Each structure stands twice: as C-alpha cells, then as structure tokens.
Amino acid sequence: MEGPAFSKPLKDKINPWGPLIILGILIRAGVSVQHDSPHQVFNVTWRVTNLMTGQTANATSLLGTMTDAFPKLYFDLCDLIGDDWDETGLGCRTPGGRKRARTFDFYVCPGHTVPTGCGGPREGYCGKWGCETTGQAYWKPSSSWDLISLKRGNTPRNQGPCYDSSAVSSDIKGATPGGRCNPLVLEFTDAGKKASWDGPKVWGLRLYRSTGTDPVTRFSLTRQVLNIGPRVPIGPNPVITDQLPPSRPVQIMLPRPPQPPPPGAASIVPETAPPSQQPGTGDRLLNLVDGAYQALNLTNPDKTQDCWLCLVSGPPYYEGVAVLGTYYNHTSALKEECCFYADHTGLVRDSMAKLRERLTQRQKLFESSQGWFEELFNRSTWFTTLIFTIIGPLIILLLILLFWTLHS
C-alpha cells in the first residue's frame, strides 16, 4: 500500500538535534550525580602575582571547603612596586626608597569589572576619580561590590630605613627579612566569597602623590583547587565488626534471696551473670552526638540554651551546631543530616516531636499576626477563587461603560 503523495521519508522527520539534546541531558545528569558535597575538603592555593614583573608576591595554601577557604593574604608593597617604578624615582631598591614608599597613600581599582571611563591597564583601571574601590588613603576608598579590600599592615610610621637583616646586623632598627617594611593585608569581602574564581582577577594599584602623575602597577589574584587525594569508597568500619541494631532496654529482675542448701547436698557453684548486650550502631552514633553536646555545654554553655546538634550521615562525617533563629526552610535538615534538639537539660531524643511542636507554635504566632481579611483568604480558597472570578468581568464591564460614557 502506497503512502501519501507528499509524505517525507522517515529520516527527514527525525530531529537532527535530537542526539545532541539527549547527550546534553545525560551529561547534565552525570554532573548532578557527581556533584561534590559542600563539606568536601580541597587543597586551595591563593596566589598574588605582580603583573609588571611576573613575580609572585604571595602564595598561600590551606585545606578547606569551597565556601570557607578565604584566608587573609599578607605580602609587601615592594613586592608589587619592584626596584624601580614608572620612571618617577620611586622604588624599593634601597632602604631609603623602601622607607619613602611608606609615606605615600595608595588606592586600588578593579580590572575584572571596569566601570565606564576608568581606562585600561595603562591607567591601572583608575582613569578617573571614583574608580577606586579600596586602598589606604585619606579619603578612605571603599566599595560594596568589589571582591577584596587591601590595607596597610601594622607597621610604625616612624620606623627607620628598611634595612635587609640578611645583609646587615639584625640589631639595626628597621632591619627585616628582605628589607620588607611595607606590609599589606588583603581580605575577601562578602562579594568575593560568593564570586566565581575560575580565572584570575586583576587590579591596578597607584601611589597617591600631591604633584605629578601617580605611578601605576598591576597585580592578579588567582585560586588553584586540588583534590587532596582520590575519594576512596568508605564501607563498614573494620574495627566495629558487630554492626548491631539499637539495643532494647533490658528488664531488670530483682534478685531473689538465697536459699540455704538442703543438709547433705553438695555446694552449688553460683552461675555467672550473662554478658551485657553491646550497644548497637545507632546507640554509638547517639553517644557521639551526646558527647559533642557535653563538650559544647562545658566550653560554651550559652550556645546550648536552645540549639540543634546535627550529624552528617554522608562521609566525611561532621558535627555541627545550629542556633535557633529566623529560618523558614525547615526541610533542609532532612537530606543527609540527623538533628537532635538540645538545651541545658540535655539531648532530646524525640527531636521530631519537638520540631513539630515548635512549628505549631510558630504557625499559631504567624496566624495571630494576620488581619481578618488575610485570614479569610487563607482559610477559604473557594472564596478567593470566587472573588477573582467576579472581579475580572466587573473591571471589563466598568471599562466599557467608561469608554461608552466618554464617547457618547
């Protein structure tokens, strides 16, 4: 039987993008399955580089997660200036030059996000006033959106020349390792802790001079993340070979008074008491949380007035403390965490009942703060639907009458 005259072959009806769409879905699913835990620990290295010389001013490595590995970075202003700077007579080649650099203010402008009119690398992204977001100057430059803040460290202004302690006696005032006496402290802002650091970020730094051109240098900040080792699947603990269910309370039997043996009978050896039942795996985890509570209650008793102790069930295992506050996402603690309510009386095993009780109290408090009109809408869904169903045609009818009146 012949097909319709205008039917296309089957291969023409297949979407050519179909395989790519399926491949993208599979890749996305694979990425979601392999998503790292927020508690995963990495070897994080932060590196500050002088882009004018290519030298590293600071390289700090630490172990931490992707959300908390934001340390303070310490380096020297001379690591960014170099021996000679921008044909201005400034530089850090001599102790006197290093001392003179300490007398100038400086300001920093971002190169990762350059506002209009702030120029390029030649101007250090500081083409006009107002581009600076941080620094150490009398007008106190600051920003609410930049990723870092850069300030001077704690060095006395009246310190003498910055002698190199390896070249002269360390007893000389102002002698430091390498002649470094212009310490800087780089800190991450809240925006910087939330930003993506997949690539390097660039900033320009300029010394403020009352006359002449302010000299320019540029530096970059990069983050390198390395796994601390292969993630080996974790199975049952070989030390704990008796993975038992939670132990049940044993009924205590009152001891019977001993009866004297009949005359002429041999002495009876008393039977040994049966060994006590070992605690199960659940009891051991509860004891772990209870031990954490006791340690917390002894060290920080103010934190245990009203809190939750949570044990993350997925490796690596962590214990945390959550102080009660204004939180609305109550289901987030039910993913991979086992939480127990605690106060000064101790750990509450029946935590879900406590949670339901507190949720009920909060719901009643919320309902008591509502007005009668809002409460009517929340309680009567059919009334809400009826109101909106009637309001629509009424508005249209009123508009028709209004236009009819205006044109008549």
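A Cβ is built for glycine as well, from the same backbone N, Cα and C atoms used for every other residue.
Per Swiss-Prot, coiled coil is recorded for 335-371.
According to Swiss-Prot, the feature N-linked glycosylation site maps to Asn43 (among others), an assignment based on sequence analysis. Asn43 (N-linked glycosylation site) falls within a strand segment according to DSSP. For Asn43 (N-linked glycosylation site), other Cβ atoms within 10 Å of its Cβ number 15.
The 10 Å shell around the Cβ of Asn58 (N-linked glycosylation site) contains 17 further Cβ atoms across the protein chains shown. In the three-state DSSP reading, Asn58 (N-linked glycosylation site) counts as strand. Feature annotation from Swiss-Prot assigns N-linked glycosylation site to Asn58 (among others); the stated evidence is sequence analysis.
Annotated N-linked glycosylation site per Swiss-Prot: Asn297 (among others), in sequence order, evidence recorded as sequence analysis. The DSSP secondary structure for Asn297 (N-linked glycosylation site) is helix. Residue environment of Asn297 (N-linked glycosylation site) contains 18 other Cβ atoms, counted within 10 Å of its Cβ in all protein chains.
Positions annotated as N-linked glycosylation site by Swiss-Prot: Asn329 (among others).
Annotated N-linked glycosylation site per Swiss-Prot: Asn378 (among others), in sequence order.
What Swiss-Prot records for 256-281 is region 'Disordered'.
Swiss-Prot lists 1-32 with the feature signal peptide, giving sequence analysis as the kind of evidence.
Marked as topological domain 'Virion surface' by Swiss-Prot on the basis of sequence analysis: 33-385. Note on the topological domain 'Virion surface' (33-385): its mean pLDDT in the predicted model is 78.
Annotation comment: Swiss-Prot describes 386-406 as transmembrane segment. For the transmembrane segment (386-406), the list of distant contacts is empty: no same-chain residue at least six beyond its ends comes Cβ to Cβ under 8 Å.
Of the recorded residues, Asn297 (N-linked glycosylation site) and Asn43 (N-linked glycosylation site) place their C-alpha atoms 32 Å from one another.
Calculated from their C-alpha atoms, the gap between Asn43 (N-linked glycosylation site) and Asn58 (N-linked glycosylation site) amounts to 16 Å.
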